[in-house]
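Student: Just passing along the structure, written as C-alpha coordinates.
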Amino acid sequence: MAKRSFGMVLTTGSKDSNKDFDHFVNPSIHFAKYYSPDRDTPNSIFLTNPNDFANWARLSSLWPLLYGTSCCFIEFASLIGSRFDFDRYGLVPRSSPRQADLVITAGTVTMKMAPSLIRLYEQMPEPKYVIAMGACTITGGMFSTDSYSTVRGVDKLIPVDIYLPGCPPKPEAIMDAVTKLRKKIAQETYRDAGGFRRNSRFLTLKHKFGPVPNTRTRKYSQELSDRSSKDSSDIFPGTAFIGLETETESNSEELLSANKAMETLLEGWTNGTQ
(Lines of atoms letter the chains of each structure in order from A and count residues from 1; the text may use other names and numbers.)
(Lines give C-alpha, C1' and ligand atoms only; values in the text may rest on other atoms or scores of the structure.)
Protein backbone atom coordinates (compact mmCIF):
# COMPACT_ATOMS: atom_id res chain seq x y z
CA MET A 1 0.00 0.00 0.00
CA ALA A 2 2.90 2.36 0.76
CA LYS A 3 4.34 1.72 -2.66
CA ARG A 4 1.22 3.01 -4.44
CA SER A 5 0.58 5.94 -2.11
CA PHE A 6 0.72 9.43 -3.57
CA GLY A 7 3.33 10.58 -1.07
CA MET A 8 5.71 7.78 -1.93
CA VAL A 9 5.33 8.54 -5.60
CA LEU A 10 6.46 12.13 -5.08
CA THR A 11 9.36 11.43 -2.73
CA THR A 12 10.88 8.34 -4.28
CA GLY A 13 12.62 8.20 -7.62
CA SER A 14 12.43 4.52 -8.40
CA LYS A 15 11.26 3.17 -11.71
CA ASP A 16 8.05 1.71 -10.30
CA SER A 17 7.15 4.96 -8.56
CA ASN A 18 7.63 6.97 -11.74
CA LYS A 19 5.44 4.51 -13.54
CA ASP A 20 2.71 4.87 -10.93
CA PHE A 21 2.93 8.65 -11.15
CA ASP A 22 2.58 8.55 -14.94
CA HIS A 23 -0.47 6.34 -14.57
CA PHE A 24 -1.93 8.81 -12.07
CA VAL A 25 -1.47 11.77 -14.43
CA ASN A 26 -2.41 9.94 -17.65
CA PRO A 27 -4.62 6.96 -16.86
CA SER A 28 -4.13 4.04 -19.19
CA ILE A 29 -7.01 2.92 -21.35
CA HIS A 30 -6.01 -0.74 -21.06
CA PHE A 31 -5.22 -1.06 -17.37
CA ALA A 32 -4.73 -4.82 -17.74
CA LYS A 33 -1.75 -4.17 -20.04
CA TYR A 34 -0.27 -1.64 -17.64
CA TYR A 35 0.74 -4.31 -15.15
CA SER A 36 2.40 -7.50 -16.29
CA PRO A 37 1.42 -10.37 -13.96
CA ASP A 38 4.86 -11.96 -14.16
CA ARG A 39 7.12 -8.91 -13.73
CA ASP A 40 5.46 -5.87 -12.20
CA THR A 41 3.07 -7.24 -9.60
CA PRO A 42 4.01 -9.62 -6.80
CA ASN A 43 2.19 -12.96 -6.72
CA SER A 44 0.40 -12.08 -9.99
CA ILE A 45 -2.15 -9.76 -8.37
CA PHE A 46 -3.63 -6.86 -10.29
CA LEU A 47 -3.50 -3.64 -8.29
CA THR A 48 -6.59 -1.78 -9.45
CA ASN A 49 -9.82 -0.32 -8.13
CA PRO A 50 -13.49 -0.50 -9.12
CA ASN A 51 -13.25 2.82 -10.95
CA ASP A 52 -10.56 1.61 -13.35
CA PHE A 53 -12.34 -1.67 -13.94
CA ALA A 54 -15.70 -0.01 -14.63
CA ASN A 55 -14.14 2.63 -16.86
CA TRP A 56 -12.25 -0.01 -18.83
CA ALA A 57 -15.48 -1.95 -19.38
CA ARG A 58 -17.40 1.14 -20.55
CA LEU A 59 -14.72 2.58 -22.84
CA SER A 60 -14.26 -0.81 -24.48
CA SER A 61 -17.95 -1.18 -25.36
CA LEU A 62 -19.21 2.18 -26.60
CA TRP A 63 -22.48 1.84 -28.48
CA PRO A 64 -23.01 4.95 -30.63
CA LEU A 65 -26.30 6.33 -31.86
CA LEU A 66 -25.71 7.69 -35.36
CA TYR A 67 -27.48 11.02 -35.78
CA GLY A 68 -26.57 12.02 -39.33
CA THR A 69 -28.36 14.95 -40.97
CA SER A 70 -25.85 16.06 -43.61
CA CYS A 71 -22.74 15.12 -45.60
CA CYS A 72 -20.58 14.48 -42.50
CA PHE A 73 -22.42 11.23 -41.95
CA ILE A 74 -20.94 9.83 -45.19
CA GLU A 75 -17.46 10.12 -43.70
CA PHE A 76 -18.55 8.29 -40.58
CA ALA A 77 -20.21 5.55 -42.65
CA SER A 78 -16.83 4.77 -44.22
CA LEU A 79 -15.58 3.61 -40.81
CA ILE A 80 -17.84 0.60 -40.99
CA GLY A 81 -15.80 -0.87 -43.84
CA SER A 82 -12.74 -3.08 -43.52
CA ARG A 83 -10.28 -0.27 -44.27
CA PHE A 84 -10.81 1.46 -40.92
CA ASP A 85 -12.71 -1.26 -39.02
CA PHE A 86 -14.07 0.66 -36.05
CA ASP A 87 -15.34 -2.61 -34.55
CA ARG A 88 -11.93 -3.12 -32.98
CA TYR A 89 -12.76 -0.29 -30.57
CA GLY A 90 -15.92 -2.04 -29.44
CA LEU A 91 -18.21 0.40 -31.27
CA VAL A 92 -21.54 -1.21 -32.06
CA PRO A 93 -24.01 1.14 -33.81
CA ARG A 94 -27.48 1.07 -32.30
CA SER A 95 -30.74 2.37 -33.72
CA SER A 96 -32.43 2.82 -30.34
CA PRO A 97 -31.34 5.56 -27.90
CA ARG A 98 -32.18 3.34 -24.92
CA GLN A 99 -29.39 0.96 -25.94
CA ALA A 100 -26.77 3.60 -26.77
CA ASP A 101 -24.37 5.55 -24.57
CA LEU A 102 -22.80 7.74 -27.27
CA VAL A 103 -24.49 10.02 -29.79
CA ILE A 104 -22.52 11.36 -32.75
CA THR A 105 -24.19 14.43 -34.23
CA ALA A 106 -23.01 14.67 -37.84
CA GLY A 107 -24.47 17.48 -39.89
CA THR A 108 -26.61 20.57 -39.61
CA VAL A 109 -29.07 20.77 -36.73
CA THR A 110 -32.18 22.78 -37.56
CA MET A 111 -34.80 24.27 -35.27
CA LYS A 112 -37.25 21.63 -36.41
CA MET A 113 -34.89 18.77 -35.51
CA ALA A 114 -33.78 20.27 -32.18
CA PRO A 115 -36.67 18.88 -30.08
CA SER A 116 -36.14 15.41 -31.56
CA LEU A 117 -32.42 15.51 -30.76
CA ILE A 118 -33.12 16.57 -27.18
CA ARG A 119 -35.68 13.80 -26.79
CA LEU A 120 -33.20 11.20 -28.08
CA TYR A 121 -30.52 12.46 -25.70
CA GLU A 122 -32.86 12.32 -22.71
CA GLN A 123 -33.84 8.74 -23.55
CA MET A 124 -30.22 7.54 -23.40
CA PRO A 125 -29.16 5.91 -20.12
CA GLU A 126 -26.44 7.38 -17.92
CA PRO A 127 -23.55 7.78 -18.39
CA LYS A 128 -23.86 9.18 -21.92
CA TYR A 129 -21.50 11.09 -24.16
CA VAL A 130 -21.75 13.36 -27.20
CA ILE A 131 -19.33 13.91 -30.10
CA ALA A 132 -20.06 17.02 -32.20
CA MET A 133 -18.82 16.18 -35.69
CA GLY A 134 -18.33 18.83 -38.35
CA ALA A 135 -18.40 22.61 -38.58
CA CYS A 136 -22.16 22.75 -39.13
CA THR A 137 -22.76 20.91 -35.88
CA ILE A 138 -20.30 22.94 -33.81
CA THR A 139 -20.97 26.51 -35.00
CA GLY A 140 -23.60 26.27 -37.72
CA GLY A 141 -20.98 26.30 -40.48
CA MET A 142 -21.91 28.08 -43.69
CA PHE A 143 -25.49 28.40 -42.39
CA SER A 144 -24.45 30.42 -39.32
CA THR A 145 -24.80 33.88 -40.92
CA ASP A 146 -27.92 33.98 -43.05
CA SER A 147 -30.13 31.12 -41.91
CA TYR A 148 -33.34 31.50 -39.97
CA SER A 149 -33.70 27.80 -39.13
CA THR A 150 -30.20 26.61 -38.15
CA VAL A 151 -29.01 26.08 -34.57
CA ARG A 152 -25.66 27.82 -34.07
CA GLY A 153 -23.98 24.97 -32.25
CA VAL A 154 -25.37 21.74 -30.90
CA ASP A 155 -23.96 22.59 -27.45
CA LYS A 156 -26.86 25.00 -27.06
CA LEU A 157 -29.14 21.94 -26.96
CA ILE A 158 -27.16 19.12 -25.35
CA PRO A 159 -23.77 18.99 -23.53
CA VAL A 160 -20.85 18.08 -25.78
CA ASP A 161 -17.81 16.05 -24.69
CA ILE A 162 -15.64 16.03 -27.83
CA TYR A 163 -15.58 18.66 -30.61
CA LEU A 164 -14.46 17.37 -34.01
CA PRO A 165 -14.02 20.27 -36.48
CA GLY A 166 -13.84 19.85 -40.23
CA CYS A 167 -15.98 20.12 -43.34
CA PRO A 168 -16.21 17.19 -43.34
CA PRO A 169 -13.72 15.52 -40.95
CA LYS A 170 -11.69 12.63 -42.28
CA PRO A 171 -12.29 9.10 -40.96
CA GLU A 172 -8.88 9.23 -39.29
CA ALA A 173 -9.97 12.31 -37.36
CA ILE A 174 -13.11 10.51 -36.23
CA MET A 175 -11.02 7.65 -34.86
CA ASP A 176 -8.83 10.19 -33.05
CA ALA A 177 -11.94 11.75 -31.48
CA VAL A 178 -13.11 8.33 -30.30
CA THR A 179 -9.66 7.69 -28.81
CA LYS A 180 -9.77 10.99 -26.92
CA LEU A 181 -13.22 10.14 -25.62
CA ARG A 182 -11.93 6.78 -24.37
CA LYS A 183 -9.12 8.57 -22.52
CA LYS A 184 -11.65 10.92 -20.97
CA ILE A 185 -13.77 7.99 -19.80
CA ALA A 186 -10.67 6.44 -18.21
CA GLN A 187 -10.35 9.49 -15.93
CA GLU A 188 -13.88 9.41 -14.54
CA THR A 189 -14.67 8.47 -10.96
CA TYR A 190 -17.68 6.84 -9.40
CA ARG A 191 -18.73 9.19 -6.61
CA ASP A 192 -22.11 8.01 -5.40
CA ALA A 193 -24.73 5.38 -6.03
CA GLY A 194 -26.56 7.69 -8.41
CA GLY A 195 -24.11 7.05 -11.23
CA PHE A 196 -21.01 8.43 -12.86
CA ARG A 197 -20.34 12.15 -12.75
CA ARG A 198 -18.00 13.83 -15.16
CA ASN A 199 -15.33 16.01 -13.60
CA SER A 200 -15.31 18.78 -16.19
CA ARG A 201 -17.27 19.95 -19.21
CA PHE A 202 -16.07 22.24 -21.95
CA LEU A 203 -18.08 25.01 -23.63
CA THR A 204 -21.47 23.56 -22.84
CA LEU A 205 -24.76 25.37 -22.40
CA LYS A 206 -28.01 24.14 -20.96
CA HIS A 207 -30.76 24.02 -23.54
CA LYS A 208 -33.91 26.08 -23.05
CA PHE A 209 -36.18 23.89 -25.14
CA GLY A 210 -39.19 22.48 -23.36
CA PRO A 211 -41.19 19.35 -24.20
CA VAL A 212 -43.07 19.69 -27.46
CA PRO A 213 -46.71 18.54 -27.38
CA ASN A 214 -48.26 16.54 -30.17
CA THR A 215 -49.71 18.91 -32.75
CA ARG A 216 -51.13 16.33 -35.14
CA THR A 217 -54.69 16.69 -33.96
CA ARG A 218 -57.75 17.97 -35.76
CA LYS A 219 -58.37 20.46 -32.98
CA TYR A 220 -55.01 22.12 -33.56
CA SER A 221 -55.54 22.40 -37.33
CA GLN A 222 -59.04 23.79 -36.78
CA GLU A 223 -57.64 26.46 -34.46
CA LEU A 224 -55.09 27.44 -37.09
CA SER A 225 -57.74 27.75 -39.79
CA ASP A 226 -59.98 29.84 -37.53
CA ARG A 227 -57.04 32.06 -36.62
CA SER A 228 -56.04 32.57 -40.26
CA SER A 229 -59.59 33.45 -41.30
CA LYS A 230 -59.82 35.91 -38.42
CA ASP A 231 -56.52 37.54 -39.33
CA SER A 232 -57.55 37.92 -42.96
CA SER A 233 -60.82 39.58 -41.95
CA ASP A 234 -58.89 41.98 -39.72
CA ILE A 235 -56.46 42.90 -42.45
CA PHE A 236 -59.13 43.61 -45.09
CA PRO A 237 -62.21 44.93 -43.23
CA GLY A 238 -65.11 45.52 -45.62
CA THR A 239 -63.00 45.63 -48.79
CA ALA A 240 -65.01 46.22 -51.96
CA PHE A 241 -64.06 44.72 -55.33
CA ILE A 242 -66.04 45.81 -58.39
CA GLY A 243 -67.68 42.88 -60.12
CA LEU A 244 -67.40 40.60 -57.06
CA GLU A 245 -70.05 40.11 -54.42
CA THR A 246 -67.87 41.00 -51.43
CA GLU A 247 -69.91 43.86 -50.02
CA THR A 248 -72.60 43.59 -47.42
CA GLU A 249 -76.32 43.69 -48.20
CA SER A 250 -76.52 47.42 -47.41
CA ASN A 251 -74.06 48.26 -50.20
CA SER A 252 -75.34 45.77 -52.78
CA GLU A 253 -77.91 48.22 -54.22
CA GLU A 254 -75.26 50.89 -54.68
CA LEU A 255 -73.07 48.45 -56.57
CA LEU A 256 -75.92 47.48 -58.88
CA SER A 257 -76.71 51.11 -59.66
CA ALA A 258 -73.06 51.84 -60.31
CA ASN A 259 -72.80 48.89 -62.68
CA LYS A 260 -75.91 50.00 -64.56
CA ALA A 261 -74.53 53.52 -64.91
CA MET A 262 -71.30 52.12 -66.32
CA GLU A 263 -73.26 49.99 -68.80
CA THR A 264 -75.26 52.99 -70.06
CA LEU A 265 -72.10 55.04 -70.48
CA LEU A 266 -70.47 52.26 -72.44
CA GLU A 267 -73.52 51.84 -74.67
CA GLY A 268 -73.62 55.57 -75.39
CA TRP A 269 -69.94 55.64 -76.18
CA THR A 270 -70.18 52.71 -78.55
CA ASN A 271 -73.22 54.17 -80.32
CA GLY A 272 -71.45 57.51 -80.71
CA THR A 273 -68.38 55.95 -82.23
CA GLN A 274 -70.42 53.96 -84.72
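Here the Cβ of each residue, glycine as well, is placed from N, Cα and C on the backbone.
A TrEMBL annotation is a machine prediction, not a hand-curated record.
According to TrEMBL, the feature [4Fe-4S] cluster binding site maps to CYS71, CYS72, CYS136, CYS167. Feature annotation from TrEMBL assigns compositional bias 'Basic and acidic residues' to 220-232. Positions annotated as domain 'NADH:ubiquinone oxidoreductase-like 20kDa subunit' by TrEMBL: 71-181. Feature annotation from TrEMBL assigns region 'Disordered' to 213-232.
Could you place the listed features in the three-dimensional structure?
Tutor: In three-state terms derived from DSSP, CYS136 ([4Fe-4S] cluster binding site) belongs to a helical segment.
This prediction places the mean pLDDT of the domain 'NADH:ubiquinone oxidoreductase-like 20kDa subunit' (71-181) at 81.
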Student: Tally the residues of the domain 'NADH:ubiquinone oxidoreductase-like 20kDa subunit' (71-181) by DSSP class, grouping H, G and I as helix, E and B as strand, and everything else as coil.
Tutor: 47 helix, 16 strand, 48 coil
Student: Among the binding-site residues CYS71, CYS136, CYS167, whose Cβ has the fewest other Cβ atoms within 10 Å?
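Tutor: It is CYS167 that, of the binding-site residues CYS71, CYS136, CYS167, has the fewest other Cβ atoms within 10 Å.
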Student: Around the [4Fe-4S] cluster site formed by CYS71, CYS72, CYS136, CYS167, which additional residues qualify by having Cβ within 8 Å of the site's Cβ center?
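Tutor: After dropping the recorded site residues, what remains is SER70, ALA106, GLY107, THR108, MET133, GLY134, ALA135, THR137, GLY141, GLY166, PRO168.
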Student: Looking at Cβ-Cβ distances, which residues of the chain lie under 8 angstroms from CYS72 ([4Fe-4S] cluster binding site) while being 6 or more apart from it?
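Tutor: Spatial neighbours, sequence-distant, of CYS72 ([4Fe-4S] cluster binding site): ALA106, GLY107, MET133, GLY134, CYS136, THR137, GLY166, PRO168, PRO169.
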